[in-house]
Amino acid sequence: MASPAKAALVAAVALVAVALEVGLVGANFRDDCDITWEPQNAKMDEGGNHLTLSLVSNSSGCMLRTKKQFIFGSVSTRIKLVKGNSAGTVTTYYTSSIGDNHDEIDFEFLGNETGQPYTVHTNVFADGVGQKEMQFRPWFDPTADYHNYTIFWNECMIAWFIDSIPIRVFRNYSAQGVPFPTRRQMYAFSSIWAAEDWATQGGRVKTDWTKAPFVAEYRDINLQVCDCATSGGGAARCPESCASPANWYAAPDLCQLSKAQLRQMRAVQLGYTIYDYCADGKRYNGTVPPECSMQQY
């Protein structure tokens, strides 16, 4: 039988997905976010629950950022990716701190030519150190309908979910010298931008700008996080209570996935992984980073 804490995580992820399906969320793009880059390329309707971001040229995309900063918890949205020939485009949903030696947790969706699948790119940065990439082929058409993308983050681990299915876990091995984000508050971001030099088949396939604008659609946003208040000087401070084990996301039993979630994740990784930095010995001259030999699940 699942423990209460484990059941809470499963229920929280499922509840986010259900809530987003019917639009019953406590946040929306209009009230809780700002367009920080090329606002003319963003459109909102349905009371701020529906958002489009457009890429209109090689230098004119769009970016949205939450008003609040936070640390730990769960951030979710639903996305319908660019239809048709999306080669050279990158659509994102991620969290990031601001400033030097930043922390970041990524979902990036690399477009492709018509009829070829997207690449779901995941990565994590801590203290400015990244290069922890895993990439997947989606097992569904991400342009035909909305799909829920969730980042769960606590002091034990980061987990990436698609439609409540975990696809990856990155554990906290900072005690063993592996950087892990625990000290910097983050914003949540959504964006679309041009990267034809590398995004599609290593840059071999370029963007067909006659197809512009390239439009990604977002529906609803859910932030179940510990807010970091902004002081009068503009700097955000996270309350000490964010690290309290009393928080739902900090329960000790939430330091690993349930057995059912592990089965789901292993099935996804077995069938749909196309790149794993831990399997790329050539990149590291015959070795791999230390966390690759440590249990992640």
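The first residue you see is number 1, and the count goes up from there.
Even glycines carry a Cβ here, placed using N, Cα and C.
A TrEMBL annotation is a machine prediction, not a hand-curated record.
The feature active site, nucleophile is assigned by TrEMBL to E104. Annotation comment: TrEMBL describes E108 as active site, proton donor. Sequence annotations record features per position, and here TrEMBL assigns domain 'GH16' to 1-218. If you look up TrEMBL, you'll see N112 marked as N-linked glycosylation site. Annotated signal peptide per TrEMBL: 1-27, in sequence order.
Features recorded in TrEMBL, as mapped to the structure shown.
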residue : record                      : Cβ neighbours (10 Å)
E104    : active site, nucleophile    : 18
E108    : active site, proton donor   : 20
N112    : N-linked glycosylation site : 20
